[in-house]
Amino acid sequence: MNDLSVNGLSGLSYLPGYFSRAAQETLLEQIRAVVARAPFYRPAMPRTGKAFTVRMSNCGPLGWVSDVSGYRYQPHHPDSGNPWPAMPALLTNLWKDLAPEAPDPEACLINYYENTARMGLHQDRDEQTFEAPVISVSLGDTATFRVGGLSRKDPTKSFRLQSGDVVVLGGEARLAFHGIDRVLAGTSTLLKNGGRINLTLRRVTQPM
DNA sequence: CAGTCGCA
DNA sequence: TGAC
């Protein structure tokens, strides 16, 4: 595991190759089962209604959603109203491994990037607590990931994330600005139709 | 009225 | 839109 140095923030870790190819295949199968019950939808920006290029789903008790009225966590799919499927054990195990002190994860956002999809610089700040880290898993095509500081204007650095890599935004880096510049088409054989899936695990509510 | 997980 |  490496600590990435960006703007002097501690708590930003990069774990290349955390998941073996066999584990990636198992995880992908479990994610496919989730998405069969909670299909990808395309979120919209608050106020403007501008569509994201990324499509999203969730698993776990809460899911992150965005529409014209804002960002929020909610326990049901925005289209079907069904509760989000349970989080696969591989993901709760990952959380226990990398954040053993943190309360259980409540949300796993599933982002599907087709080749032209991007995600602008942003902070993950819709949670009620920032004590637990955000843990992110990359599957499929390699992407260029950009990380900055606690202010949007801070300088940024970019890194390539490959299938099976894990990134942890914790401690001082929990609220670091980050985003995906682009997906490098044809860099992985994991997803038959190409593209990239990113899984983001989060604690949302303050534990009792 | 600042600021935008967007866009120019 | 939400915070002021």
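Using N, Cα and C of the backbone, Cβ positions are placed for all residues, glycine too.
Database features (TrEMBL):
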BINDING   A:Trp64, A:Tyr71, A:Arg72, A:Tyr73, A:Asp126, A:Arg152  substrate binding site
DOMAIN    A:104-205  domain 'Fe2OG dioxygenase'
BINDING   A:Asn111, A:Tyr112, A:Tyr113, A:Arg196, A:Ile197, A:Asn198, A:Leu199, A:Thr200, A:Leu201, A:Arg202  2-oxoglutarate binding site
BINDING   A:His122, A:Asp124, A:His178  Fe cation binding site
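The structure, with features from TrEMBL marked on it.
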{"residue": "A:Trp64", "record": "substrate binding site", "Cβ neighbours (10 Å)": "22"}
{"residue": "A:Tyr71", "record": "substrate binding site", "Cβ neighbours (10 Å)": "15"}
{"residue": "A:Arg72", "record": "substrate binding site", "Cβ neighbours (10 Å)": "14"}
{"residue": "A:Tyr73", "record": "substrate binding site", "Cβ neighbours (10 Å)": "20"}
{"residue": "A:Asn111", "record": "2-oxoglutarate binding site", "Cβ neighbours (10 Å)": "22"}
{"residue": "A:His122", "record": "Fe cation binding site", "Cβ neighbours (10 Å)": "11"}
{"residue": "A:Asp124", "record": "Fe cation binding site", "Cβ neighbours (10 Å)": "19"}
{"residue": "A:Arg152", "record": "substrate binding site", "Cβ neighbours (10 Å)": "11"}
{"residue": "A:His178", "record": "Fe cation binding site", "Cβ neighbours (10 Å)": "23"}
{"residue": "A:Leu199", "record": "2-oxoglutarate binding site", "Cβ neighbours (10 Å)": "24"}
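Distance between Cα atoms for A:Arg152 (substrate binding site) and A:His122 (Fe cation binding site): 8 Å, as a whole number. Note on proximity: among A:Tyr113, A:Asp124, A:Leu199, A:Leu201, the binding-site residues of the record, the Cα nearest A:Tyr71 (substrate binding site) is that of A:Asp124. Between the C-alpha atoms of A:Ile197 (2-oxoglutarate binding site) and A:Trp64 (substrate binding site), the distance comes to 16 Å.
Contacts of A:Asp126 (substrate binding site) defined by a Cβ separation under 8 A and a same-chain sequence distance of 6+ are given as A:Trp64, A:Tyr71, A:Arg72, A:Tyr73, A:Val204, in order along the sequence.
Of all Cβ atoms in the protein chains displayed, 28 besides its own lie within 10 Å of the Cβ of A:Leu201 (2-oxoglutarate binding site). Each residue in the domain 'Fe2OG dioxygenase' (A:104-205) has a pLDDT score, and their mean in this model is 95.
Across the fold, the C-alpha of A:His122 (Fe cation binding site) and the C-alpha of A:Leu199 (2-oxoglutarate binding site) stand 16 Å from each other.
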